[in-house]
């Protein structure tokens, strides 16, 4: 496979260089980065187009810091459109101004302007990601965010190298136009044309033999794979043929290690695994790595598969054509697209490490429980408009029948300055407006119209809050990856069917539940998460399937200031963009 592009090898090399350059045990350091948001010409799948990216890189540059570091990222917007960036999973303690979601914590960075995101990485170590948080720009504007620990990893395997594996999606057209058309017509979105591994689709797609990710490994060595799902709209299965993966961390939180032949990873989630190169390759020296969607939706979707290769460097070099005939490719280890049993079993295996050094600080009691449905909706078409959704209506989404509308000003700024405004309110309903069989019956016979507004949950500092996320059969049952900004949470319970408030909490795991920032709510089921609301500010909660966020499947919560400066928001920076 001579001539195959190994673009992300540059990132791997740069990660190794950065990691080596970072002093492992120094005192708090300030790490500075320059990010230029700009258009660059890129060719994939026989299509050449202008692609939005950072510093001319796709995926974007990796950020590598140490736990405890101060971080300053100056973002220069070199395009005409607005933009913002989000440091997904970074807790942003007291620094909500640096979180990034447009019109929630900041006004966008306008064309030609700059903004410096300043924050400290506190009490976190592992794999996260960063991405754009304006419109659908994160389709191509994303990258790895690596936090190195200041003490050794809690596992004994010597690591030969770290390998970032970032999944994405490629559109031959403009993803922003896909969103605009979807919102204008009320119909579902066009699906992407390919999935990618580190920006490369692989040889199963047209014109893509040269755009294939290949990672060279050495027999007998163990590698750390930092796996990130930056895809816009799909949960994904991932496997490497004939190799076993050992999960050791998710969403920058150590886990009890367990072995698996493949993983399921939702958009916004990260999974760090150890892989030992202990298989005997054939004459090609290659093993396939592959990712394809986990399907729970009835909407049209991209049902293709992206592949790359693991190449053993002590095998004989293959100089012929591609070692794989795509038409006869056997994807070892990879679950079928509708394998909910595997996805459930995999998720159930993830447990917090819960060691003396890395305790599981799950709230054992709660001050407030919010039960919210997460639904797709079919809205009656306004008069004098043509809608192309189901039965001439429009598609939207909601939580507790409230479809979230982003205001034209920053919610955080309005809240901090105590502005008199009707742009948001703190009266999000804490229970569904009506009780019904959420996951059963024929939803198309029910009224699926939603209400629109900007309603948030408000809690005092230190509140232990439980949020039960209940899927519904409105339009269709579906797995929803729900992301909470500004906080980690503990997934204390989940199941299929309807949440039973009297019985299900008695079966919660309050010993070693997984700690995450994004939860994949089971299709036709529910998940209960517990949060210690100890980060003052305004924080976005939303589905990480981008079309669902556009439709309004979101809310937010306000954590009020506590006592004294250490429990209060920092003031806004001087260069905070204005609306």
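Any Cβ shown, glycine's included, is placed from N, Cα and C.
Features as listed in TrEMBL:
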SIGNAL    1-27  signal peptide
DOMAIN    36-150  domain 'Plastocyanin-like'
DOMAIN    163-315  domain 'Plastocyanin-like'
DOMAIN    427-562  domain 'Plastocyanin-like'
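Each residue in the domain 'Plastocyanin-like' (427-562) gets a DSSP state, and the totals come to 13 helix, 57 strand, 66 coil. Looking only at the domain 'Plastocyanin-like' (163-315), the predicted model's pLDDT averages out at 95.
Counting residues per DSSP class in helix, strand and coil order gives 6 helix, 59 strand, 50 coil for the domain 'Plastocyanin-like' (36-150).
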